[in-house]
Structures are given as C-alpha cells and as structure tokens.
Amino acid sequence: MSAAGVPAELNNLGAPITATTQNPSGLANSQVTSDPVPSATQHDEHRSSAGNTLADEEGDKSVDAEKVEAMYTGDSKQKRLPADSSEDIVAELEPHHVSVHRGKEEFAALERKYSTLSQQSQHELHRPTTRHSIRSSFSRKDRVVSRLTQDEAEKAKEGEGEFNLVQVLRSSRENQDEAGIKRKAVGVIWEDHEVIGAGGMRINIRNFSSAIIEQFMMPALKVLGIFGVNPFAPKPKNILYPSSGLLKPGEMCLVLGRPEAGCTTFLKTITNQRAGYMEIKGNVEYAGVGWKEMRKRYGGEVVYNQEDDDHLPTLTVAQTIRFALATKTPKKKIPGVSAKQFQDDMLDLLLSMLNIKHTANTIVGNAFVRGVSGGERKRVSIAEMFCSGATVCSWDNSTRGLDASTALDYAKSLRLLTDIMGQTTFVSLYQAGEGIYDQFDKVLVLNEGHVAYFGPAKEARQYMIGLGYRDLPRQTTADYLSGCTDVNERRFADGRDETNVPATPEEMGKAYRESEICARMNREREEYKQLMAEDATIREDFKQAVLEQKHKGVSKKSSYTVSFFQQIFIIFKRQLRLKFQDHFGISTGYATSIIIALIVGSVYFRLPETASGAFTRGGLLFLGLLFNALTSFSELPSQMLGRSVLYRQNEYRFYRPAAFAVASVLADVPYNASVIFLFSIVLYFMGGLYSSGGAFFIFYLFVFLTFMVMSAFFRTLGVATSDYNVAARLASVLISFMVTYTGYMIPVQQMKRWLFWIFYLNPLSYGYEAIFANEFSRIDLTCDSSYTIPRNVPQAGITGYPDTLGPNQMCSIFGSTPGNPNVSGSDYMAVGYSYYKTHIWRNFGILVGFFAFFMFLQMMFIEYLEQGAKHFSINVYKKEDKDLKAKNERLAERREAFRAGQLEQDLSELKMRPEPFTWEGLNYTVPIPGGHRQLLNDIYGYVKPGSLTALMGASGAGKTTLLDVLASRKNIGVIEGDILMNGRPIGTDFQRGCAYAEQQDTHEWTTTVREALQYSAYLRQPQHVPKQEKDDYVEDIIELLELQELADAMIGFPGYGLSVEARKRVTIGVELAAKPELLLFLDEPTSGLDGQSAYNIVRFLKKLCAAGQKILCTIHQPNALLFQSFDRLLLLQRGGECVYFGDIGPDSKVLIDYLERNGAKVPHDANPAEFMLEAIGAGSRKRIGSDWGEKWRNSPEFAEVKREIQELKAEALAKPVEEKSSRTEYATSFLFQLKTVLHRTNVALWRNADYQWTRLFAHLAIGLIVTLTFLQLDNSVQSLQYRVFAIFFATVLPALILAQIEPQYIMSRMTFNREASSKMYSSTVFALTQLLAEMPYSLGCAVSFFLLLYYGVGFPHASSRAGYFFLMILVTEIYAVTLGQAVAALSPTILIAALFNPFLLVLFSIFCGVTAPPPTLPYFWRKWMWPLDPFTRLISGLVSTVLQDQEVVCKDGEYQVFPAPSGQTCQQWAGAFAEAVGGYINNPDSTDDCQFCQYRTGQAFFIPLEISFSTRWRDFGIFICYVVFNILVLLIAARFLKWQRR
C-alpha cells in the first residue's frame, strides 16, 4: 500500500530503507520499505552533511564498510543499505547498544500492527499544501515510514477499528478532518529569560552550637518574616542574564558551559522547575501557552530529568516501565486490543528500541542495591521519560560516569525519542564526543550566565573561530566551545588577544547579540510567534490532544491521564510488588515479630487469673500493643527516602501524591496484617489471655488498628517536614508523650491536671483501654495468699490467720471487698484505671477517626508541600581566622602571578624513588557460585619513573580490577604472577608509598578542602617532617589543582558541598598531599568532569611525570588531545586480556602503526583512542579481524615488552638497596595517629550539627516530659511506683542512642576503609577515636537528663545519692554508645545493624525487673537472663539509691480497709503482720475498719524485688564491666571485620 495510512508525523524519514525487523509483539518478520522522500528538511541536510544519516548510523556499525552505498535523491544526500546485508549487519551488532535506525524500525513494526487505512488519511496525503503544511516545517515530525501487511490490510477493510500508535502515544485522533491529526507539537520560546538566585553571602559551616542557636532563634525569625524583616536574607545574584530563543518541535539543543555557568539553572527553568530561586523574569511559552497555564494544566508535558538516575531499586526494569505506561495509557483503546495488550506491546517496543530487553527481569538497583549497569539505568530513565508522553524534555549532565560508547548510545536514544515523538529536547553534557555533538540541531553556550552562542550546532565552531578563538586539531567541538569560556584554557588566534577579542562574559554576550546568527534566531523566533498568534490550530490541537488522552472521571483542568481511583489501584499494585519482592525485609520482619512474641510470651507464660497476675497481665497487653505500634516508626525514614522518586513521577504527572499516600497504606495492609496476626496469636495464647475466638480477634483488631493509626501518624510527620533530623526530634517528643500517657504507667485519674488532656489525644490510650477492657471484662481474679491482708508470714513466725480469705481480710488489689476472695475484672479496671467495657467500640470509632484524620493531613501535606523540589547545590565555608586569611591572600596573589605568566608551578620539591614497577604473568581469579571466574589473564607491563601510562579498555575488561591488583587493594580471590618494585617483591611500605585516587570520591564530608589535604599530609608523610613544611606543601597542591577559591569550603555531599568536578580534584589532591615516593594510581580521574577540567587534570599529571613521578591511570575514551598527553598505553579487551602495551608515539604514530599492521586501517580524521577500542570490539562494532589478544601474544612488541621487563629487573637488582627505617607499615606512630585522627573526628562531630543536636534534644525532651509528668512527687504509695517508672525512662535512652550511633559509625567506616588502604592509620585508632569523640556529648547529654529528671521529680538531695545517680546515668550513656558501635562494627550494613536493636532492647527492657518483677519471671529466664541483663544493674542501683529510707505515707484511697474482729483493735488483729511486711496500721486503736498501708519505707517496696541498697556499688562495677566488654568487642571487630570485599 502507499503511505496513505501513515500520519504526517511519521513521514519524511530521509532515507529509503529496506531491512528485516522483528515485530516486538511477536508477529512474523516482514519487510519494511520506504519510498524516497522528495524533499528534506534542514535538519536532515545537517545530519547528512555530518555523515550521520540514520542509515549511516547503522552502516557505521557494520563490519564491512563497503556494504553501505551512497545514493542521492532530490536535494538531499541519502544512503541505502542493501537488502541482502541487513540481517548480517543486525547480527553483527554488539548486543547491548542503541541504534537509532533499528529503534525506528522497531517502532514502525509495532505501528504497522495498529495502523489502518482510512479515506480521510488518504485524502490528507493528496490534498494541496495548506497552513498545516507550513506548520509542519516548524514541527519537523518523525521520520518513521510504515507499511501494513496484506493480512492487516484485509482486517482494515473489514472495519476493525481505526487506530494509530503515535496517536496513542501522543493524542487520540478524533473525527479526522482536513486539518490532519491533532498533534502535540510544542515549540519553546523564551524571551528576556533571567534567573536571580541567592548570592553575595559567604555561608559558614554549621556546627553543634549554631544548631542550638538556630533552634531558639527560628521562632523569632519567623515572626520577623511576617513583617517582611529578615536580617539574614541573601543578596540577589544573577544566575542567568536575559536571553531569548526558540527550539522547535523535533529539535535537540545541546547546552554547554563550564561548571557554575548556569546550565542546570537553564534546563530547570526552561522546563518550569522554578523552586529554589529568588526571582525568574521574562517570559517562557510553549506553543503559545504561558508557563503558568502549562504548569497548572499541562505539567506532565514539560519535564526535567536530573543527572542522577533515581528509581525504586528493587523493581525490575520491566516493572518500572510498565508502571509508567499504566499511568499514561490514553483513554482511547485499540479496537479488539485491551489496555494490557497495548502496554505489553509498548513495553516490548521500548525494551527493544533502547536495547535493554535482556535486563527486563533484572532489578534497576542503585548505589547500594546491585542491579543493572549505569548505562542501562540511564536507558530506563529515557524509557520512563518516553512513557510520560512529555513534549518538552531537559536532561542534565546525563552521561556522567558513562564511557564514550554508552554515552553515544544515550545520545542516540534521545535522538530516537525526539524524532519519533516530535519532542523538544534540551541536554547538557560533559566531554561530548563529536559523534554525540552531531546528534544535536542547536547548541547553547553559557558563560557565567551570559549567552555566548545560541544557534545551529554546525555553525557554532566557525562562529567562535570568527570571534578570534583558535581551535586545535582533533579538538572536539563541544570541548572547544566550552573552552572558549575558560580564561585559563582558551587560546587566541594569531594576532589576536583580549584587547580585540570578546573575552569577558559580558563582551561575549554582547558580541553574540550583535551577530548575524542571533538576528537569524530572532527572526525565526518572531516567525514562530507570529504563526502562533495568527493560527491557533497548533495550540488548540495540543490542548485537544491532551484532553482526549484523559480517562473517565478526570477533570478537563486536570493534568493527569487516569482518574484518582485508577492511580490508587496502579500504585497499589506497584507497592505490593515492592513489598513482596523484598524477600530479606519480609523474612526478617516475620522472624523478628515471631521471635519477640515467643520471648515475651515465655516471660508472661500462662498468666494466672489471680491477683498476682493482674498487674503483669496489664503489662503483657501494654507490650503487645506498644511493640507493634512503635514498629510503624520505620515509616518515617522510608517516607522521606522515597521523596525524589515521588517528586519526579508527580512532575511527569503519573499520579497525584495523594493517590500515592492512600495506595502505599493499602499496599502495606496484607503484610502488616499477617505479621501482627502471627505476633498476636503467639503472644495471646502463650500469655494465657482469655481463651476465646471473639476475645482474640478483638485483641488483634485493636492492635492492628492502633498500628495503622500510628503508621498514618508517622507518614504524616514524614511528609510534613523537609528534614529527617527535624522529624526525628519531633517523633522523639511525641512518642515519649504517647507512651507515658497510654494509661499503663499512670492511670488517667492520677495524671497531672495540666497534662491529662494528652491521654484523650493519644491513639495509644484508646487502643490500650480497648484491649484491657476486652480482657478484664471477661475474667474474675482470685486473691492468692500473697495478696491477702492480713496473712500468715511463716518466716516471721506469724501463723494465726485463716488459710482462706475470711470476713476480716481483704485482697490488696483494685476493686476488692473485705471477705470476698474473688475480684471482678470489670471492678478491677473500673476502680484502678477508669476503664469500662462499654468503651470498647466507642474507642474503635475514635481510632478510625484518628486514622482518617491523619490520612487527610497526609494527603493535604503531600499534595501542597514541596516533596524534594529544591535541588540546588551550595558551598559552605569555614569561618576565616587570621591564619586562614593570610594563607588565602597568598594564594590569591600567586594565582594572579600565574595568570600573568610571572610564576611557574614548581615541582622540584617532589622526591621520587627512581625505581621501576613491573608485573609479569598476572592472573586474577575470583570465586563465583558454582566455580571460579578469571578476571585478568596473563598480563605483562611496567611503569618507568617519569612516565604517564594510560590503562584503557571496554567496560568490564578489567581496568579497575588490574589497578586494584597492582595497588594491593584486593582482599578476595587468587592473584598469580610477579608484582615487583625495583626488581623485588613489594614490602609492607608499598601501600603507604603509593597513592591511589579511586573512582568513588569518598571523603570525611565535614572537613574542608584544606583540612582534607592537611590530614593526608600529616598522616602519610613521615612523622619527622615538620608540620610547617607539610602545611606549605598542602598550599602548593591547592595551587596546582586550582582549588584556591574552595580551600576553606566543606567537602560535604551532593547538594550541600562541592560539585562533582571539585570533589574529583580533592580526591587527587588528597593522594598528592601524601608525597607518594613510589607510584601514583588514578582510576577515572576525569570521570564527571567537563572537557577543560579533564584537560587540566591530565596536564597536571604530565607535570608530575616531568618531576619523576610514575603514574598509571585508567581513563574512558579520551579525546585526541587528552590521549596525546600519555606516554604509554595498556589496552585490555573483555576477559582481562592484554591486546597492546607500549608507546603511543607522537601523534599516536606507534599505536596507529601497530593497528594498521594487524589489519585495522585508521581513518585520517579518527580519534585513535576511540578507533582502537572499536577495532578490538569494545564498542558497538564487532572487532576488526581475528582475536587481538592472540595477535598481541604473537607480536614482536610483546616479546620486546618481556625483554624490557627483564632488563629493568636486572638493572634494579644490580643496585644496592638503601635500607630506610621509615619503611614501616604506617608513616607515623600510634600516638601521633591517635592525636591527629581524634582531632579530625572531634571536628567532624562538632560540625555534624543535626546529629548531636538531635541526640541532646531527645535527652532534654524525655527529661522534661518525665519531670512534668512526675513533678515533685510526694511520699505516697502511688508516688513510690511512679519513682520506679521515672527511673525506667533511663532505659529508653539507649534505644535513641543506638538508632543514631550505628549509622554514624558505619558511614565513618566507609571513609576509614578508603584511608586504611593507603595506610593512613590503623583500625584500632579508628575505633578508639570514634569512641572517644562521643564522650563529651555523652557527658553533656547525661548532665542534661540528670538535672531535669533528678531534681524535677524530687529524688533525695543528698550528694551521695545524687552523685551515684549521675554516675549511673553517665555510664548508661557510655554503655549505649559502646554497644551501638560494637553492633555496628559487627554488622556489614546499617540495615543489618538495625535488626539487632529490637532484640537487644526488648530483652533488656523486659528482664530488668520493672515490667516483669523477678518473682514473676519463669525459672528459666530468672535463673540466667535477669542477672545477665545490663539494665538489671541500672535499675537495681538507681531504685535502691532513690528509695532507700524513703518514708511512705498513704493518702486517702491508698489504704487497704478491712474490719477488725469483734473485741480486737486493729493493732491486735494486724499489727504483727504490718510490722513483718514493712507496712503500718494507720488507726491501731480502732475496733472498726482498719486502715493498712502496705509500705512504711522504700525498702519494703524494693526488697521483695530482690534489690538491695548494699549491693549498689557492686551493680555499678558490673555495669562498668559491660562497657569494657563492648569496647573489647568494638576493637576486635574493627581489627578483623573490615566489611569491604574488593
């Protein structure tokens, strides 16, 4: 058939193609043929002239270039692939790379399946040119051409629907008319676009003291802000200066500039990401639609993709893409094809187009979860953006960390996306090769916010040359353009200088505005504006197309595709997958709950329905409710950690945030309900609670419902706050209030009148009352002998009372009456707790109301509060003192002198050991499941003094592995072969004599640049070198790496600290500061840098080599200029085989000669570094010729390498070895290490403001809550119990400390592992400094908590008592710190460490003697666990200290009242008993009702609990022993468990 059935968007491919493709839906193979197109757009001409037509791209990947023949049709150059070669070419492609041509054929195959004939579309093809065809020149739609098979045509004739795939992807075709298919052709116009941000202030590093000051100043500042007064308001600073431009549909614009030029700001603001800036001026329109309307009604059509590929890591690639498709499937369905079938076909199409089909069932992963590769993860981001259906997309530095081959695949993927969908695409890239640059239509060059150029990409280079800037041979266009904006790197043409060339950003901006290209761009923009003004069809088509995509139930003004309830259902399915794919989390969750239920159930095993079991039964119910309720705290960090994905997907308009809030709660119900059910059934029946199905299910219902309420509460807290530390501080206060005012510790009638209202606002109190009433309303309590008053006390010789409760006796529990041995459970809870059975279902309604309220708040907050929108980086600086000011002034003076050519960098101070480094027959094998894998295979090589050697190869070839092996960094696997320094095996000093700049920039984030370099110099240079000399050398390194302006900036982390490029320079600087005598290893030193920064790094390495340094450096496909800087090359192919080692030669002559002698002809204009990789099959192309590894092993060059190695060894062995005492494992002594590292750790903790302030805040908050709750207790019986509960809060502190200490230690250990590899300091030093640095804060927290608790509650004022109490609190702090660090040292990850906490804390809390008194414990636990529990010593010591000699006077209502027998006084009847048990008779002479007070002093309370005042110092000593034990575990684990597998 003709092309009549294809919409206009899909025509004008630009090349007639015949190729065999597979239908992604599984249909039989069919021929795709396109007729020549009579004319070509300007875009096609540009791509053809660059040698990059779509056919060219496929042809470039073939083995035989002669298979591609050029064919010219009309005015445009076109190339045809012969039909008989297409299959061979497809077969010869590397399996995991992107082809624009092949991707379009995949698209065409699926499009063919759904395209149908229509009279109207045929009419469109033949109708005369109209205004619509003029618009098409601006939209420049896709070039995919499709044919229907005969079978499909027959179906079309039978009238089986009318559908087109592009229409489904972009808009539904409704009532086709002569104007053609409605399309979302959105051109972007920006006029006088100006962005103003915060500037003019040097922000100082926050520290512990400033965090406290901020906390108390914040309310005052907020009040001032209401009146428009802000003394700390930053000054405005232009980030982008006014600029104008147009990018038409189907065009791609490359945004270039040095770091801080404003590229990210432009990409964000051009796509309506306006958060975080002070003011944005000018106007931005999208096909005539203003930015405000676009944001409100069409938000998902204009999107920004940040450079990080942040996805849900445990979802597979297919699940991630399918979810996006489900939220964006249009309303109009394919006749006869369900929405699921459409999504299946689209998923297959995307996986095939982007060549990630092999990863469909692999999890996406992230930095912590192993998944697909970085390049494949980038393609998942592209697929997700594709699914969004957005028409304007911007991508920010998206090739960071990718090798050149993967980066080119990425650029081609964007080209494919832009062409097929007619999108408008903005991209910023670093180190863009020429192949990438050729994918773009326009380029925007920014220079400190000024536009230096905006126009056609093919004209940019000549424009800059015309200004007077000289380019270099083989220099890529992108590097040249950005280099023109760098005052240090740009070069002027002969006879030109800064006086006659636009040199400043302002001058370059002015020159551009006065240029012919700018005038042309302005005319183009005005024409497009006029078109938009005169003909609203494009705009209306866009609006109508968006409207037609919406499903039933979606408002016309909504920017979402599916309805709110559909969104909930789709997210619900995704969250279920997430939950149940987390096998480790599920298994540990079930195991934790069941084990803790077994422990608690065994402690309270089969509680008797007696008076002795009444209080412990309430304790069991309390623990059952509280444990599950507090496990919901995990919702807080998970809610905040998932914000970036939530924010991005909301920006894509996949779903409303409120839908996510509802769906995530619902998706957690099956798992949480089952976990709580198992916990409840074990706890309930082991504890001997009332045995009936109805009672159990009411218990389970309220435990689960309370959990759901608390889960909703923590989720609400998570979305209401932007900072986790703030949320954690709030949570610590609120949880403390909730636990205290549940009704278990203090009955509501006993609560202070100014705080009792908390009980009625506390969800836990309603849940606890319900399960308490459910239990006690069903049972009667029998008074056992130990609770009968008065009773026989045989050990005191008192035996005259009846064995059964008589009329003159009573039971000493709530609700009892004289002479009655049974107490109704209802009476017990009514008298003691004011709980009633009639409140059960009332409380159910209240809890449901709480849940609905928190869900409503959560939905409101998540909808209207920004969830992670403000992503911008700031630098923070150390406050400048006199010394720093002098150093910085000197650096500034020398920098100007360098620029003026008055100074040269002096490296003469470097003292290198002129010893060769060789390796022979190197093999490396690692264990894998089922066997072993060889990663390095028989590698030979050497590094001579003063040489710069490049280590290159394909991704996965073993470059980093070889570097790790040579640098002695591997700790797993088997290494074979010889690694020799100076002809001898490497010794203990090798690692400290070498420097290794790893690819990951791992640093102590709180240090400044200068401090990081100083610590490296102090610890890695010999101790005898004077400190001043080390400091001076550090200043030289700062100069060499051009870090002068950042010398006092904190390294920080992404978003709060140095940029990626600056962090990379710091990584190199830290290694150079060590003055490595032997060797310098660098792994990807230019990764993530812009072209000029990469050139600066390599240029500096050359200077080091000139001073005698030996350098081995891995690098990803450098441009020709960078490649020329290296002296020697070691090239690896996949499998860890060497394919070349030797000199590169001037202009790469030696390397080129080797390649050409072995059958790989190097084109004259090719970059040898890129070509050699393609020749060996490292890129998309299959290798040229036979196995290059075999060629190398049989080559004379290899024989020469082996001969040279032998000569180097012989020469080295002939020289005498100079014995040096400094050749020890570490450069400095243990004490010097301890002092230096302790100073750094102290600084780190001081600057980690939120970490320490959150800890202190929690202590203050808990101390204040306990004080207010138990303020100045009197000497009543109830107050006696309250004193014990107040002391029990000391056991809460370790839980808070563990939650903070463990992550802190493990994150610090990551830095230590990197530094330990360089032998900076020992593991013992690391562990001790981590411990010692925490001590001052532990002391401060202990003092704060002690003062509030001890004197607020009203404990004894005697100094001996207060001193002991304080010492125990202090030891508790230290114990918690040492325990947390010991657990962290034993754990490989933060998650594993966190799993220990519930077991430890539950065990310690249950067996300490408060919730379960020792007499009530089962024999098994009482025999060993109670005395072994560290908290037993804490509680015993504190209780005996506080209650010893404490006088007790019963208040009215606390007396046990029973009648005296006739003829006897109360003293005669019960006086001996009262004396024996430590109580007293209040009315001894009475002959009526006797008033018995069960305690006279505190001893009577704690002696039955097996606590003794005389053993309190023994308890203190045992507690100290636990601390010592923790420290020993910490030191041993730190020494032997590095938890780093390399």
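Each Cβ is built from the backbone N, Cα and C atoms, and glycine gets one as well.
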Looking at 198-218, 345-365, 618-638, 1416-1436, which one does Swiss-Prot call transmembrane segment?
618-638
Between the binding-site residues A954, A957, whose Cβ has more other Cβ atoms within 10 Å than any of the rest?
A957
Answer yes if the transmembrane segment (1253-1273) and the transmembrane segment (1390-1410) have at least three CB pairs under 8 Å among residue pairs 6 or more apart in sequence, and no otherwise.
no
Between the transmembrane segment (1365-1385) and the transmembrane segment (844-864), are there three or more CB pairs that fall under 8 A, provided the residues in each pair are separated by 6 or more in sequence?
no
Let me know the most crowded of the glycosylation sites, choosing from N207, N923 and counting other Cβ atoms within 10 Å.
N207
Per DSSP, three-state class assigned to A954 (ATP binding site):
coil
Surrounding CB atoms that lie within 10 Å of the CB of T960 (ATP binding site), all protein chains:
17
Expressed to the nearest Å, what is the distance separating A957 (ATP binding site) and N923 (N-linked glycosylation site) at their Cα atoms?
13
Count of other CB atoms lying within 10 Å of the CB belonging to G958 (ATP binding site):
25
Which residues, sitting 6 or more apart from K959 (ATP binding site) on the same chain, put a CB under 8 Å from its CB?
L951, M952, G953, D1083, T1114, L1132
Inside 10 Å of the Cβ of N822 (N-linked glycosylation site), count up the other Cβ atoms and send me the figure.
16
Say we define neighbours as other CB atoms within 10 Å of the CB. Which of the binding-site residues G953, G956 has the fewest?
G956
Excluding the flanking five residues on each side, which residues at least 6 beyond the ends of the transmembrane segment (669-689) place their CB within less than 8 Å of a CB in that stretch?
576, 579-580, 586, 589-590, 593-594, 596-598, 600-602, 604-608, 617, 620-621, 624, 627-628, 695-696, 699-700, 703-704, 707-708, 711, 775
Between the Cα atoms of N822 (N-linked glycosylation site) and G956 (ATP binding site), what distance do you get, rounded to the nearest Å?
78
How many Å separate the Cα atoms of A954 (ATP binding site) and N207 (N-linked glycosylation site)?
45
